[in-house]
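Pulled from Swiss-Prot, these are the features on record:
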type	residues	note
COMPBIAS	189-203	compositional bias 'Polar residues'
COMPBIAS	219-235	compositional bias 'Polar residues'
COMPBIAS	522-541	compositional bias 'Polar residues'
COMPBIAS	542-553	compositional bias 'Basic and acidic residues'
COMPBIAS	625-634	compositional bias 'Basic and acidic residues'
DOMAIN	10-99	domain 'BRCT 1'
DOMAIN	627-717	domain 'BRCT 2'
DOMAIN	738-820	domain 'BRCT 3'
MOD_RES	Ser273	phosphoserine
MOD_RES	Ser290	phosphoserine
MOD_RES	Ser327	phosphoserine
MOD_RES	Thr329	phosphothreonine
REGION	182-203	region 'Disordered'
REGION	219-243	region 'Disordered'
REGION	266-295	region 'Disordered'
REGION	335-366	region 'Disordered'
REGION	498-567	region 'Disordered'
REGION	594-636	region 'Disordered'
Amino acid sequence: MEASGGVGGAFLKDVVAYVEVWSSKGTENYSRTFAKQLEDMGATVSKTLNKQVTHVIFKDGYQSTWDKAQKTGAKLVSVLWVEKCRMAGALVDESLFPAVNTDEHLPNLSRKKHKCMQPKDFILKTPENDKRLQKKFEKMAEELQRQKAALDDDVPVLLFESPRSLVYSSPVNVMKRRLQDMKEKRENLSPTSSQMLEQSQQNPCVSLFETSLNISHQPLSSDESFASGSHSSFGDSCGDQERKLGRSANEMTTVTCPSSPVLRASSFYGSASPNHLRQPRPQKAPDSPSKESINCQKDATGAVADSERKQAAGVSQGVPDEKLCLSPTMSIIEEHQVRLGPKNSSAKRKRAADLGSSPKGKLKKRYKRKSALAIQLFKSDQSPPSTIRLIPGTPDVEASSYEDYFSPDNLKERNSERLPPEAQQLASPSLFHCRGLSKWERRNMLEMCDFTCIGEKHRSISSISDLISKSASSLEKPVKEEVNTASTCLLLVETSANDSPGLCSQPGPQLRDDTGPEGSSHPDTLSSSAHHITPLKGNSTETRDPGDGKGSPKEGSTPPASASPEDEVHICNLSLGEDCNVEKSVEEKENIATGYSESVKNGPGRPDPSDSSCTGLVRPQQKPKKSEKEEKPTRTLVMTSMPSEKQTLIIQVVSTLKGFSFAPEVCETTTHVLVGKSARTLNVLMGIARGCWILSYEWVLLSLELGHWISEEPFELSETFPAAPICRLERHLSTQQYQGTLFANQPKMFIAPASSPPRAKLCELVLLCGGQVSPAPQLASLIIGPYKGKKKARIQYLSEKWVLDSITQHKICDFNNYQLLQ
């Protein structure tokens, strides 16, 4: 029993405790519960075992903790010491509750390992509560300050002047140093436009390769990185080619360098003005080259350029209304040529001169051989026409452009090589953009395409749309079939449960909303899907009612003279319209007495799963049986007047030691009632009436200490509830279902509807103690509770407390002390 003055005091204020309490298997840590109790009593709980600790609450903990506690001289006590201090309200002698170390004499190899299966509380680490993180932040701050101090004026600075803007500030001396380093490392520097013009005159190979190599470097963000990357990628290859072949500068001007497949593009406005180069969307104002250099180049390559222009003019005259469109890769090249400005102008003129100087027959032969690879460009009204042809190269160079060829940007270009002109004209609008196509653009492009020329079978867009609609309908079919199948199975279970007498009825979630209040199916549902229903196998000759047993009385029937108390309760409830939740069938009561009650394992309203009549039914929501070790225990335990922290500890102990399941109220399977505070509750009275153990909280604590359930008798609350051991012994000695005899010799009682505790509970208590309950006040000699009707002299009107006190003391109390005022 709990001491009245010991609760809430700070009588352990001088105690500094370290708690280490584990389960006997070493998988559950109960330290937090006992630490909370110590804090409530005023003790200081330390998270670490240090020199300030005076008491160590130890149970099945680490051997290192035990050794350290003995070394420091702290007092090792068990969990019972904490409970005794709480009950006594004062500091109890520690020698009465010494801690036990079961692993002290065991070898190191056989010691149990502690592995807590409880989830830890997640605490977000911040510099304020984590020293390691704080040190890391301080070190980062010191490093940042050191780097700032080491910065000088020569280091480039990134300036974020406004959102989404970045200014790169680089002093001149840094650029000089960078150029010098690049020269020493023999790297190709990023040339200016004038340097690129000179380079194109000296080395025509470079000007021919620029266009093809711009493809792979277009995604680079800055022009500087683009120029340095492109020139470093092809400069060395051209130099090596010159050294290998040993060609002179004159030979290089007449022969095209075959180091890569070159895309030769000549842009012009139209046949009327073919001499001017097209520069769409200029982003920078390029430095225009001098007229002298242009005229000089024009004189040197005039004849060849004229022939080239005539040829291009012939192409444009052949298709005067069409705009020859660039693929995404070509538009990337053209856009970057505009950025580079005059360099590409000179490169184009120089390239025209180089190609023009080659023999005429060779060119014709080459064009005939590669006519299938020519990229025909398409119609557009927005930009002037231009022609692009693919010039062949050696296998080595083709291997070097392997990545570019298989890049996603060139996918449509490769597809366009295989498509005829009609299909390409329809696909042309999507090829202007350098970016990827959106879903909307892709769909529009597919709608515009004519696929009649592709493959052997001709299929129109309407047939394709029909195919798509068919596929969509085929995708929807399985879903509908699954729904139909589910509804068929549902109806099959319903009809087999209600219509066919040879099948076992199975109430439950399978019927859902399709069954009426009595379990019958709706007629329209059955008639609409009657053709889906097929008979089930596995018939039996017996049907079972899931609600009541064989011996349960029917409604409206008159009870026999020798009716059991359960039958009387049933009749009482039917006449009054209230459910007392007490009545059970005779068959179920006998099953509980013999030890195989289905009400615990399968619930009171479910049929026996081992019944052979249910073998033909499919139960999707019922899980397969597990082994007997994992089955739910048949004994239930009820807690009453128990604080929440104690409830948590009891739940953990029961889950560790096994053998019990929890129930919210005392029922026919309850064997133990744990009482937190010695207060008379309905669960305590129900436990007494059913012959249960009425135990204190210490029984669980000592069982936890020893690692198994111990004898209950020393912890039975027989002083507070004298009837508890008497009823328990009567239940133990009874060979059949236990039935109390306290009210067996009392006259019939009528429980008033306004009684407190509730009428149903009082009815159950009276019947469990052998009394008789009358459904009407005219048939009773005792009326329990406040009665508003006309009172008669022959009837005793007693308070509800008479029933409660009689059950608690296990004797019939005097009526005179419980008479209600007339």
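From the backbone N, Cα and C atoms, a Cβ is placed for every residue, glycine too.
Taking DSSP states H, G and I as helix and E and B as strand, the domain 'BRCT 2' (627-717) has 37 helix, 18 strand, 36 coil. DSSP assignment over the domain 'BRCT 3' (738-820) gives 27 helix, 11 strand, 45 coil. Across the domain 'BRCT 1' (10-99), DSSP helix (H, G, I), strand (E, B) and coil residues number 33 helix, 19 strand, 38 coil. Per-residue confidence over the domain 'BRCT 3' (738-820) averages 89 (mean pLDDT, predicted model).
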